[in-house]
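Let me begin by presenting the structure, written as structure tokens, before commenting on it.
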């Protein structure tokens, strides 16, 4: 049995221990094979598997295995890994919960019918999808999505339900139309038309829309970016719809390639309901590291940088910030990437959507659409959205502040514990002890001289023998490991 200490976030208080056997790791590894990755699980051993040396070696191997999984952005967010590391918080069967909610909804809306669950097509654990049909139109396919509330749900239940029900009235050439939407105090349910072509991410990764998320995107067989004209057109369309939402005061914060539906040569944004539900962003673990990305507008711009990188190179960046960018179809692409993903951009802040639209990559793109955007939000709900947006941003800023303080403390401890620093402290300690010994011997000489003088002048004080000098301090401060 191996004890694993797990910690969520930066607080040591938010940690726990779990006990796992090698067979548990093996089971997890078999389940993750769908991702198509070669994961470094130590091999099985039937004879000699209780030797002390072997157990120590296997412990290192299992630690390396967990490191690889938890640093992979897609794997670390999947239900299999969450249940393995945090069984207490992820024991529920969310598909079952979703089915119960959907069944309750169908009692009042009998015209809809479930065709099949679309198992694990998304990355969220608490968001489930079902393929649907209308009873009197059996050939038409739709997708129902159900999700419960997230940590950033700040709207009142009444305002939340009103805004969810308002989404089908939103008409925009670059927003994917919601056919039906409803909500209760704990979740929301939306129905959209099923698109056989899938999302922008499906196009980039040449994936089948109905396949599980891990299978589609973890290890693409062929890595290839889009053509320059596609990058320009799709990028411009996405920026236009983000500007529309920002101007309306509608918070988004959930841009990534799987949330962009492809309809011919037109990109249409998905999942406007996510911010109303208070769900965390796909890229939150990235932008929470940078204190200048602290508004939902700047979050959208940063996420657009991730999306542009994926469109250009056919894969996500290895890490963010990005120090140098591989060759791109145009320097105009690199200019936009540098303004959203470089060290300087992450440190100093994001450009505005308007600024990106003026950059050479997008400024000459002509968009031809006759559809007039419509999205009327009542004044009272606009105010509720503004307050909710401020609360979301406030929580993000607080999280960023804690991460920044933790990073500074870790850096200081690391510097304090470094070999170079320890050598410096030893040298200083030696110098201090020598100085101390020298001062003590000088002090003793003065005392001895004074006592002799006193005796020579006939003073009554007795002759005193010199005291032993104080030994130099040999204690060296040890840095914490």
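Don't overthink the numbers, they just go from 1 along the chain as shown.
Every residue gets a Cβ built from N, Cα and C, even glycine.
Annotated in TrEMBL:
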{"type": "COMPBIAS", "residues": "403-414", "note": "compositional bias 'Basic residues'"}
{"type": "COMPBIAS", "residues": "423-435", "note": "compositional bias 'Basic residues'"}
{"type": "COMPBIAS", "residues": "449-467", "note": "compositional bias 'Low complexity'"}
{"type": "DOMAIN", "residues": "1-92", "note": "domain 'PX'"}
{"type": "DOMAIN", "residues": "54-447", "note": "domain 'Protein kinase'"}
{"type": "REGION", "residues": "403-481", "note": "region 'Disordered'"}
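For the domain 'PX' (1-92), residue counts in helix, strand and coil come to 44 helix, 12 strand, 36 coil, using DSSP.
Per-residue confidence over the domain 'Protein kinase' (54-447) averages out at a pLDDT of 92. Taking H, G and I as helix, E and B as strand and the rest as coil, DSSP gives the compositional bias 'Basic residues' (403-414) the counts 12 helix, 0 strand, 0 coil. The DSSP breakdown of the compositional bias 'Basic residues' (423-435) into helical (H, G, I), extended (E, B) and coil residues amounts to 13 helix, 0 strand, 0 coil.
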